[in-house]
Amino acid sequence: MNYKTQLKIERWKQGPFITYSILAITGFMYLLQEILGGSTSQWVLIKLGAKVNELIVLGDWFRLITPMFLHIGLTHILFNVLIVYFLGIQLESIFGHWRFLLLYFLSGIVGNATSFAFNSSISAGASTAIFGLFGSTLVLVKLFPGQPQMKAMAKNFTLLIVLNLVFGIFNSGIDMAGHIGGLVGGYLAAFALSTPTAWRTDKKQQLMYASLLFIVFLVLIIIGYNKYIPILNFFF
């Protein structure tokens, strides 16, 4: 490997490569959706891993993850990709690559688990993870007390969260359960993960939030299962 190649690799590692990777996978999956029959096709969505409660109960646990990379229509993906790009670059630089990756996935998984527990509709989209990223901005003001930039970020995203939730109330096509679950998941995960340069880090507090995150996830899965097991037992 020559010097120029090594330099390119180092620059890639120093940049927000997790954010870019998430965007690349999301774009690839959208292209695949269109090739297979269209991103709005219910058959395509189910085939590629959209959240379908009955199938999760039957063992398709991957459907708590894969919906994050599927989208329904061009507007849906463009809106989410723009948010992931601009917010992801900022948060990846604060949390670090692997903490950011965990934050994104944990938010999305908890969001989809909440949707599994409280929303019977088929759903897909990165919004569960995105709301988790929103939630994490509220934690940064606690990890960096007195830092004006973090305080301003938390204030701006608090307003954005409220506006999105209000908009969701009046739009029946939005998975409110998934959004709220992702928000809570991201908030708890951000405390559990902390950041490499946090001014205030408490290991006991991190463990407490990690435990709470796991308990919330477990309760959501139990709620979802209890709703569908009787129905499946009736048919099988």
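Residue 1 is the first one shown; counting continues down the chain.
Backbone N, Cα and C define each Cβ position, glycine as well.
These figures come from a predicted structure and were not determined experimentally.
So that you can see what the record holds, here are the features copied from TrEMBL:
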type     : residues : note
DOMAIN   : 59-194   : domain 'Peptidase S54 rhomboid'
TRANSMEM : 12-32    : transmembrane segment
TRANSMEM : 68-88    : transmembrane segment
TRANSMEM : 100-118  : transmembrane segment
TRANSMEM : 124-144  : transmembrane segment
TRANSMEM : 156-174  : transmembrane segment
TRANSMEM : 180-199  : transmembrane segment
TRANSMEM : 206-225  : transmembrane segment
Give me the DSSP three-state residue breakdown of the domain 'Peptidase S54 rhomboid' (59-194), ordered helix, strand, coil. 109 helix, 1 strand, 26 coil
Same-chain residue ranges lying at least 6 outside the transmembrane segment (68-88) that approach it to Cβ under 8 Å: 16, 18-19, 22-23, 25-27, 29-30, 33, 39-40, 45, 48-50, 100, 104-105, 108, 112, 124-130, 133-134
In terms of Cβ proximity under 8 Å, which residues at least six beyond the ends of the transmembrane segment (206-225) contact it? 53, 56-57, 106, 109-110, 113-114, 116-118, 181, 184-185, 188-189, 191-194
